[in-house]
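Annotated features, as they stand in TrEMBL:
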type     : residues : note
DOMAIN   : 1-25     : domain 'EMI'
DOMAIN   : 29-161   : domain 'FAS1'
DOMAIN   : 165-317  : domain 'FAS1'
DOMAIN   : 321-443  : domain 'FAS1'
DOMAIN   : 447-606  : domain 'FAS1'
REGION   : 644-859  : region 'Disordered'
COMPBIAS : 668-678  : compositional bias 'Basic and acidic residues'
COMPBIAS : 761-770  : compositional bias 'Basic and acidic residues'
COMPBIAS : 784-804  : compositional bias 'Basic and acidic residues'
COMPBIAS : 820-829  : compositional bias 'Basic and acidic residues'
Amino acid sequence: MLTRVISYECCPGYERIPGTRGCPAELPMVNIYNTLAVIGASTTQMYSERAKLKEELEGPGSFTFFAPSNKAWAALPTEILDALVSNVNIELLNALHYHMVNRRLTSEELKHGSSFASMYLDFPVHIHHYSNGIVTVNCARLIKPDQRASNGIVHVVDRVITAISNNVNAIIDLDDNLERLRVSVRRSAAAAESQRFLDSHFLCGHGCCRSHLLVGSEGSYTVFAPTNEAFQKIPQETLNRILGDPVALRDLLNFHMLRHVRCSESIVSGSAMETLQGATLEVGCDGDQMTLNGKAIVTKRDQLGTNGVVHYVSELLIPDSAKVLLELAEGSSVTVATKLFVDAGLVSHLKGSEALTMLAPLDEAFKGSVAMTPELRKLLRNHLVKGQLSSQALYHGQELETLGGLRLRVFVYRNNLCIENACIAAHDKTGRFATLFTVDKLLTPPTGTIMDVLKDDDRFSLLVGALQTAGMTQLLSQQGALSLFAPTNEAFNALPPSELSRLMLSARFCSPWFCSPWFCSPWFCSPPRFCSPCNGVELSALLRYHLGEGLLVSGGMSSHTRVRPLQGARLELAVRNYTVYVNKVAIADADRMATNGVVHAIGSILKPLRESLLQSHDSHMTQACRRIIRVRVGLWRSRRRRQALEVQEETGSGGPGGDRLWRSSRRQTLEVQRRRQALEVQEETGSGGPGGDRLWRSRRRQTLEVQEETDSGGPGETDSGGPEGDRLWRSSRRRQTLEVQEETGSGGPGGDRLWRSRRKQTLEVQKETDSGGPAGGDRLWGSRGDRLWRSRRRQTLEVQKETDSGGPGGDRLWRSRRKQTLEVQKETDSGALKVDQEQADGPAAVPRAALPSRAGVNSFKDNDLFQKVLKSRSSRTMEMQ
């Protein structure tokens, strides 16, 4: 277990006081020499005194001292330290002067890439200020910066720095451990193309082109220089191939170089750094070890030159661009596929210079041991595509030709890029001549149409029969791009036997009123009873719901993905625990590729999800079915109403009292009957139209009044206590009226004068009451009857004005007013009696039995004698007018 200890120190110029928090005590500022003792650089103070540098550090001036810490002196190699101590007046003094700058420089003034002349022969010290806050001087890290003194400033560093005089080229040329690197560079320089490239980028530092590895004095670079040991680890065949290929060698050398200086002290965590070749290196640290691509292969660090820094590495870094296809495959997670390609006899393609793209399945795609068979050998040849491709350049619908002669289709989805059923699982690896695509599974190239795929698999025998019954074989055999979620035999057998038998029956036509090919399925139309059996169309609708538009492989499916079927609501896809579900039904066997689509085997019949039916934009089918039902119900109600009216007209009986429809029709029938009777009366009285009808009603009321005034019997003298008395009264009244008519043929005594008096009053009332009637009508009718009569009179006059003297029989407004008039007749048939009774006896109510019944009035009207009287009265009335 790694334990990290964090220690806190006082800032420069301050001191801790026991028993208090922080560093409250402010120290007096002293010179550089005395400051060295209190900041952890006492060894530097000691060597300064030996080199007779004390007086200079205590004297006047303004200096910047990069003072090595005590640990830095202890880490110095013994031979170097002994050489310095043995010659303190020259070597040690020069070394200490190289750590000093004759000016005050704070850490903020130490900019990245800057250099300052030291006090040793003006040799520069090189500053690098990194983005993570780390500041180095000649790759020595400042661990205690800005320690102020009276005559300058001190920065404590973690190592002893030495003067730099050689560039990177000279460092490589002078080190025998890099001999193989120098030989490789010279061999590559023999090629003209490589020579021109190297001449434009690399210059010799000593006037002779012994090394063309790095640029000259311009720029700053980091070189990961492979040692002789690193070259020995590479197979000789591979090394000779790279050294003999100028392009591969150029990429190899540039892959070991960065465009900026990276001292080891600046690396605190792994980070990707771009090389001159264009690829990236993962540079990090593991404890005190510097790592490359996760490997601790850096054996020597921070060999600083004037134009960069060199780190020695124990392994050769070969970029993908310098590898052949077999080398690309061996360095990735496709070892099983690589072995199969070798066993299939495809090594010549993997090692050659042919432009190819290999589709290599992951090791997880192979379950158990895989034996080489002729079918597998043929399949592996179809995993090698002609041409060096890039996945970024592929597009949807593109076709790729394989070594096996097949043409593979490219599908670009929102979340994936697939070639047939295999989807890209990792970034491309672009080699010298070929490219490696890592895919998630073995390819299954198409061998026929969707119908061919179904017929070749016994699991879909029932589905094939259903497709033939529904007449969909041509649809699945022609060109296109469909996704079939194919129910297996188990899915059909899971249906109830009656349902399965009904679906498999021969197709019949659907009822045009209730069903159409789009709505006859009970899953799409509710309620089902409005759909007549239409098995062929229903089966077609069911199968079309399993056919999605577009070719969608499992790699392109994700949660919340919807597929539009050929018929019905959208299909809902979901992915849980690496299993794909469609409408909550798991896909048992996916990606059986066909030339016109793909087949996914499922274990259940798909049904629309209720949520999707409510929320889907394709709910128009349900709405259309409901519209059909509403139209059908409306037609049924209309036909029923017509039938009821016909029955009413023929039988006059109507229907049950609680039926609102019947009651409405019954009222209309009664109104027609009343209107017919009124027209008959008009014909008999010769009045013509509503005007004559009103005159007849007026005469009728006068006649009744005459009968009441001249009758000495009437209801009062008879037994007016029930129906028998009422019949007796009507009979007596009829006889008296006939007698009066016979005696007064043109007036007669007594009764004629009385009748003419009443007639005169009636004419006066008619003249005075055109808009309601004044006192004359009031005396005749009484206050209550007069008000009601005047209201009805005004309505009648308004109707006459609006309908041109009565209006045609078809005028609804006139009929409505006519109905009201008839209701007044009902209420006022015995109005005169009721008014006279009220005037004589006061407001007491008239007994119900005292009024003539409606049946009596009707029977009275039907009497022949009464009809003669009416004709006679009508002729007299016309003479008087």
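Glycine is no exception: its Cβ is also placed from the backbone N, Cα and C atoms.
Just so you know, TrEMBL annotations never went through curation; they're auto-generated.
Confidence across the domain 'FAS1' (29-161), taken as the mean pLDDT and rounded to a whole number, stands at 93. Counting residues per DSSP class in helix, strand and coil order gives 36 helix, 33 strand, 54 coil for the domain 'FAS1' (321-443). Here the domain 'FAS1' (29-161) has, by DSSP, the following mix of helix, strand and coil residues: 50 helix, 36 strand, 47 coil. Assigned with DSSP, the residues of the compositional bias 'Basic and acidic residues' (668-678) fall into helix, strand and coil as follows: 11 helix, 0 strand, 0 coil.
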